[in-house]
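> Dumping what TrEMBL says about this protein:
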type	residues	note
DOMAIN	B:8-424	domain 'TRAP C4-dicarboxylate transport system permease DctM subunit'
TRANSMEM	B:6-36	transmembrane segment
TRANSMEM	B:56-73	transmembrane segment
TRANSMEM	B:93-124	transmembrane segment
TRANSMEM	B:136-160	transmembrane segment
TRANSMEM	B:172-196	transmembrane segment
TRANSMEM	B:222-241	transmembrane segment
TRANSMEM	B:247-265	transmembrane segment
TRANSMEM	B:277-301	transmembrane segment
TRANSMEM	B:321-350	transmembrane segment
TRANSMEM	B:407-427	transmembrane segment
Amino acid sequence: EMEKTYRWRLAETWPKDFPVFGYTVKSMAQRVKVMSNDRLVITIDSKNKHKAPLGIFDMVRAGQYQMGHSASYYWKGKDLNTMFFTTRPFGMTATEQYAWFYYGGGMELMQKTYQPYGLLSFPGGNTGNQMGGWFRKEINSVEDLKGLKMRIPGFAGEVISKLGASPVNIPAGELYTALERNTIDALEWVGPSLDLRMGFQKVAPFYYTGWHEPATELQFLINEKAFNTLPKDLQEILVIAMRASAYDMYAQSMHENAINLEKIHKEHPEIQIKTFPSNVMLKLQQANDELIEQFKKSDPLTKEIIESQEHYQGIARPWTRISDQTYLEISQ
Amino acid sequence: MTGLALFLIAMIAIFFGFPIAFTFAGVSVAVGIMVLGVDLFAFMPYRIMSTMQNTILMAVPLFIFMGIVLQKTDLAEDLLESMGKLFGGLKGGLAISTIIVGLFLAASTGVVGASVVAMGVISLPVMLKHKYDPKLATGIICAAGTLGQIVPPSIILIILGDVMGLPVGDLFTAALLPSFILVVAYLIYIIVIVNVRPNIAPPIKTEVDEPRLTMVLSSLKLIIPPLFLIVAVLGSIYTGLATPTESSALGGIGSLLLAIIYGKFKFKLLFDSALETVKVSSMVFAVLIGATAFSMVFSYSGGETIVEEFFISLPNAQWTFVLIAMLTIFILGFFIDFIEIAFIIVPILTPIALSLGLNMNWLAILIAMNLQTSFLTPPFGFSLFYLKGVAPPQIKTLDIYKGVLPFIAIQMLILGLLVCFPELFGLSRLN
Amino acid sequence: MKKLHTLLGKQLDYLGYLCAILMILMLFNVFYDVVMRYLFNNVSIAMQELEWHLFSAMFMFGIGYTLKEDGHVRVDVFYDTLSRKTQAIINTVGILITVFPFSLLIIYFGLTFANDAYLLGEKSPDPGGLRYFWIIKSVIPLSFFFVITAGIYRLMGEISVLIGSPLEAK
Ligand code: NA
Ligand code: NA
């Protein structure tokens with residue numbers, strides 16, 4: 001029994017060899033293999049093989065894969081509550097959110113959300129604060145957002161549409177051309193780490209700082225039945241490997257963002273990095289709060305999750321301000 | 001091993017003449033169940049769904065619709081014949097016109113299924129009516145219709161940009177000169193071949209006593225409206241009115257407007273064109289669904305791994321690396337879909353090429369040009385299937401197979417030049 | 001026999017007409033979205049999503065209709081040199097060993113696929129997007145049900161050639 005080999009398959013949302021995200025999955029599988037002395041071997045199928053980047057939830061649930069790597073907010077259309085375990089506009093920073101997951105009741109609420117589907121969900125790596133996106137024109141007032149055509153999917157799109165902007169669906173392959181030709185006025189992608197390879201810096205001069213995805217946490221999904229067939233030690237090895245790789249991705253995102261930001265400064269000095277004016281931010285926050293209040297009414301678990309997050313952000317933020325924010329202000 | 005068996009069986013099976021889409025599907029079911037079990041097919045709904053949600057493919061029915069309306073209203077025929085006449089006594093005028101129209105379509109879509117079928121509908125009947133050799137006619141259409149792969153916007157360049165981590169805009173720019181040279185090479189070939197063998201492409205007869213000026217004017221009258229339509233489609237992309245996919249809908253609506261202007265519009269025309277579009281598009285998408293079942297069995301049975309291992313074992317010297325990589329991609333292109341090749345092989349080639357200091361834009365264009373050829377290579381070249389699907393029954397698969405051979409040769413020649421003299425194409429070999 | 005064949009053919013023709021209507025709707029849907037966005041800065045996510053719903057339903061349902069019309073492309077290098085009877089054998093065997101098994105598999109797994117979407121009440125994750133995703137997911141099993149129907153129609157035609165009393169005048 002102790003020597004039995006478990007062969008697992010993992011489906012990821014990303015294409016083969018996708019930077020940062022893909023590396024996180026590979027390093028997790030490698031750690032599991034070494035730590036388990038080859039007793040748990042996980043092979044990875046990328047989007048190019050399974051062709052279902054947004055089918056991870058269903059495929060892991062059905063047991064076609066024991067495991068998946070994706071992002072929880074992709075399942076918003078199946079269950080609204082899944083949306084809150086990735087990030088949300090004006091939500092916690094990555095450090096605050098990790099604290100919430102592991103010490104503030106976040107993990108328990110996440111399992112409670114996924115339990116009805118026979119799934120287990122774990123943090124899968126953080127991108128850090130994402131940028132607000134690439135804009136062809138400057139945003140100086142709420143007026144400038146009216147009629148602004150922007151590729152910005154999901155909940156953030158709903159927030160910005162309350163200020164009169166028009167979220168547009170454009171397939172990834174046509175984004176560059178659409179932005180270049182003014183078919184859309186703006187788009188959000190990730191951050192310096194992954195944006196430069198898309199070439200947006202060539203066609204949009206304004207790069208706005210983030211507000212809508214302060215701490216995007218990816219997700220490891222596991223089929224609960226499959227997990228229960230593992231002996232206790234392999235379960236623990238898997239959990240530890242996921243946690244190590246997730247945190248490692250946060251570090252790697254920091255690194256990739258840093259070197260690519262430097263690249264923007266050096267190779268594309270014409271790019272202006274901007275922040276929305278404070279009245280725009282205020283209006284966005286109001287729109288966000290209204291929508292969140294509506295969500296609270298939809299379902300008791302939704303209310304429980306949001307209130308847990310609000311409560312935790314309320315106690316964690318003062319410390320972030322006193323520690324990191326103060327430090328950043330006093331040190332040059 | 002399974003992968004190889006899969007190809008051999010499929011290759012034999014399609015020659016029985018049963019519809020290709022279902023042959024691919026059936027072979028995949030048989031091999032898939034034997035090797036991996038029936039549960040493998042639980043993945044199929046996801047794969048079909050991802051085709052259904054791929055909005056870039058909406059260009060397929062929309063362009064086909066435009067082509068069918070232009071053909072049913074005789075506007076396409078007028079356009080091509082008049083263009084042919086403008087070239088006067090020049091032999092092969094119709095062929096040259098087809099290449100030019102193909103180039104316009106290529107610049108407005110990157111989806112080969114869309115342009116080949118639209119070209120097949122628009123210009124094949126006209127060329128056949130004017131006694132063109134079926135081999136030449138079909139070869140030209142396949143080649144011109146497949147130009148969309150390399151002429152920006154191009155799906156393969158978008159995919160390569162993604163896989164190789166290169167900005168798509170740079171690739172589009174880098175592809176301009178090579179695609180232009182390829183088109184010029186096609187034109188030169190046509191001019192040469194029709195002079196060597198005049199009977200394969202007779203010139204369009206003009207009325208003997210018609211003054212040149214009258215003829216030019218009356219031709220222009222017929223050329224400008226449909227050409228304006230095609231230019232407007234392109235213009236809508238360049239002015240940002242529409243995405244490339246959406247521009248194909250503007251083309252469809254525009255063709256209906258032209259029909260109204262020329263007094264040829266009837267509701268029957270609209271309905272019949274739509275019904276024919278359904279038939280042709282479903283033919284194209286059935287092939288795609290059969291092919292996705294095929295590639296599913298191929299990759300889940302480990303075919304992917306074998307290809308990967310081969311590429312990892314490639315020699316680490318610049319010249320041999322490029323030559324062997326190009327040769328292998330070319331050979332694989334006979335059998336495997338270009339998207340599969342891009343996703344399986346390119347991620348392996350990229351780090352090696354980087355370590356050898358090769359210019360990645362150059363490598364990407366090489367791969368794109370090479371994969372474009374894969375659309376033309378018998379027996380599995382998708383362009384050939386698509387054209388066969390819309391060609392009149394007297395056109396045989398074998399005509400098409402033979403017809404594309406010279407164009408494959410031209411592409412290989414250009415590819416060779418691109419490898420040896422990248423400077424001619426505005427590219428450099430090293431970083 | 002002949003009656004059933006004609007009846008099936010009629011039904012499949014209606015299927016084709018439905019697809020043609022979906023095609024026209026899709027054309028105008030895309031056009032409408034472009035115009036509204038360009039002229040009025042008005043973007044409806046629901047209308048944008050409707051584009052691919054119409055598009056995919058059109059070609060998926062169309063596969064069965066196209067099979068009925070014998071519009072799926074063949075490699076005819078040898079096929080054309082064969083007698084009509086040999087062709088009928090190839091078509092009969094082909095339908096039995098490729099069309100039916102493949103379609104049955106897609107229907108079987110496609111029903112689970114659509115049913116999951118129904119049970120979860122799955123909808124578009126984007127603001128103002130379409131609800132009831134089970135409808136578009138049901139298109140997958142349903143369209144292959146039509147493919148089987150068209151397969152039966154063609155099978156009757158091919159067998160009638162084999163037994164020497166063709167149902168269709170060719
Ligand atoms: Na983002
Ligand atoms: Na193109």
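For all residues, glycine too, the Cβ spot is worked out from N, Cα and C.
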> Give the nonlocal contacts of the transmembrane segment (B:136-160) in its own chain as ranges (CB under 8 Å, at least six residues past its ends).
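56, 95, 98-99, 101-103, 105-107, 109-112, 114-120, 123-124, 127-128, 166, 168, 171-172, 175-176, 178-179, 182-183, 186, 190, 193, 200-201, 237, 244, 338-339, 342-343, 346, 364-365, 367-369, 371-372, 375-376, 381, 383-384, 386-387, 391, 395, 399-400, 402-407, 410-411.
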> Would you call the transmembrane segment (B:407-427) and the transmembrane segment (B:172-196) in contact, using three or more Cβ pairs under 8 Å, pairs 6 or more apart in sequence?
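Checked: the transmembrane segment (B:407-427) vs the transmembrane segment (B:172-196), in contact.
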> Give residue numbers and ranges for long-range contacts of the transmembrane segment (B:6-36): same chain, 6 or more residues beyond its ends, CB-CB under 8 A.
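For the transmembrane segment (B:6-36), the sequence-distant neighbours (Cβ-Cβ under 8 Å, at least 6 residues beyond its ends) are 283, 286-287, 289-291, 293-294, 296-298, 300-301, 303, 335, 379-380, 385.
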> Within this structure, do the transmembrane segment (B:277-301) and the transmembrane segment (B:222-241) have 3 or more Cβ pairs under 8 angstroms, counting pairs 6 or more apart in sequence?
no
> Would you kindly list the residues that approach the transmembrane segment (B:277-301) from elsewhere in its chain, counting only those six or more residues past its ends and only Cβ-Cβ distances under 8 Å?
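Contacts with the transmembrane segment (B:277-301): 2-3, 6, 10, 19-25, 27-29, 31-32, 35-36, 40-41, 43-44, 47-48, 51, 57, 60-61, 64-65, 68, 113, 117, 121, 336-337, 340, 344, 382, 385-386, 389-390.
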> Do you know the mean pLDDT across the domain 'TRAP C4-dicarboxylate transport system permease DctM subunit' (B:8-424)?
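Summarising the domain 'TRAP C4-dicarboxylate transport system permease DctM subunit' (B:8-424) by its mean pLDDT gives 84.
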